[in-house]
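Asks: Below is a structure I'd like to ask you about.
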């Protein structure tokens, strides 16, 4: 103990050799070093001394919530190793507060782990079929849960007393600073910033749907455009992003988790309750050459893999918890993760299985379950139910924006802190977060084909979830060579990297084949808006009929009324007829292709299209005779 006191508890004043030994009650510094300090269980270091030379005489720093600088391990180990600490972490949003718990971890994990991408899972089943679809979904769920466990255990090291509070910090410790920037910087940036851009697109489009669903025919004001709805959603997200740190958005994450579970459950329950569609087939849809079939299977595997997200936020979520050797943060964190992913499984598996049972091969490739619900059951489901589902999607998108944007806020504020060595002022923090939010809005508007390359970029980001944690475990924990855990991590890591490479190739093939610059491929939001136009079809057509009573009916009006009375086809088909007739009615006679909108209604397009074209020919013939 004498050596330890000499290092960490230097006496305040020198004592002569002739002075009698001080009674034990006066040797307080040595007792503090050998006993667990009170700072482990206190919310602030201002209530307890630091374990630094000088003991209690040293002035404590004015940190708001500096639990982050509590080194791991016993007091003697800390005194000997002299762990280097980073006081700047107390000024950053992720590590500013260390008062989290298992409930907060569950809220954050559930909000970040489930989202709109889960609604596309039945599309993968249309390619894989029942057996392989269920098997692949189960294996992917177990795989990502295992890598999640590895990240939770790797967050803190009892050997060197370091807590890796960010994914990039752990990647730098594993792969080196230069290699980690090449391997992990772009995928992590995409998983954070790219997800925020996608949330703006989904939230804005769903906001427009929500307004039209509730408003119906009673609205007299001019509705906002899609881009304007993007801006409305962005303003709400930016306003909510002013909450200071990760712990402060725990309530927001709770709301996001509840709404995600709510709309996922409501969608599959309504779809199953409405019953299976007629002529549904469960035979795997694989057409074209062998190469096309292989890429279809790979895209299906990519859909399943991308349904599980949020691994890039696990270390950041765990960083909000206090930790010491007796009470490591991995215990409450893993408890919260287990609870969250139990709920995730109860949402994803019924959604995938129930959605595939209800729609089979008829489910839209873009948009998934939400598009199918509007396309097939717009007249069967109450408007209030559809409005509630849309509202839950919007709230979940706003809430998810906060937790996915927090790593970006943290990174931008760290630049200021490292340069000026002081906390970021509140007004600058507000400007930074507003700039990020409106920058995402600009990207969402300026790059309309972002959804078409999402699969390609998603393949690049896949190792963050499935491969990198395995290599990190091998490097940090150093398991015995050729042991089962050694083989398991090497196998999963290499398989994840191989799958990522194959998905990147498949994404490149899809981008080249579809020609995204020509707009040949619809995004999920386009599909969603297109199917939602069916809801107000009848009301719009009634208004048109009232206006046409005061005018002389020509060929165009007759065709519109005939089409409305006989078939009640969607608005997109009527618009095509209006653009072609009467000046180009000959071209309309020759055009016999089925419009794209009929991919949602394959049960009735053949006979009805033939009837419409026959009526068009008859009416155009009569019109020519009158002119002669």
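The chain as shown is numbered from 1 upward.
Cβ coordinates come from backbone N, Cα and C, glycine included.
Quick paste from TrEMBL:
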- 1-62: region 'Disordered' (REGION)
- 27-49: compositional bias 'Polar residues' (COMPBIAS)
- 99-511: domain 'Amino acid transporter transmembrane' (DOMAIN)
- 102-124: transmembrane segment (TRANSMEM)
- 130-152: transmembrane segment (TRANSMEM)
- 182-207: transmembrane segment (TRANSMEM)
- 227-243: transmembrane segment (TRANSMEM)
- 250-271: transmembrane segment (TRANSMEM)
- 339-359: transmembrane segment (TRANSMEM)
- 385-405: transmembrane segment (TRANSMEM)
- 426-447: transmembrane segment (TRANSMEM)
- 453-474: transmembrane segment (TRANSMEM)
- 486-512: transmembrane segment (TRANSMEM)
- 521-556: region 'Disordered' (REGION)
- 531-554: compositional bias 'Basic residues' (COMPBIAS)
- 582-628: region 'Disordered' (REGION)
- 602-617: compositional bias 'Basic and acidic residues' (COMPBIAS)
Asks: Within the same chain, where does the transmembrane segment (339-359) have neighbours whose Cβ lies under 8 angstroms from its own Cβ atoms, ignoring anything closer than 6 residues to its ends? I mean 6 or more beyond.
Replies: 102, 105-107, 109-110, 113-114, 118-119, 121-122, 124-126, 130, 133-134, 137, 141, 145, 148, 257, 260-261, 264-265, 267-269, 271-272, 274-277, 280, 282, 307, 368-369, 372, 376
Asks: Below 8 angstroms Cβ to Cβ, which residues of this chain, lying six or more residues outside the transmembrane segment (250-271), approach it?
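Replies: That would be 100, 103-104, 106-108, 110-112, 114-115, 118-119, 240, 243, 340, 343, 347-348, 350-351, 354-355, 358-359, 369-370, 372-373, 377, 381, 385, 388-389, 392-393, 395-396, 398-400, 402-403.
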Asks: The transmembrane segment (486-512) and the transmembrane segment (102-124): do they have three or more Cβ pairs under 8 Å, with pairs 6 or more apart in sequence?
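Replies: The answer is no, given that the two segments have fewer than 3 Cβ pairs within the 8 Å cut-off.
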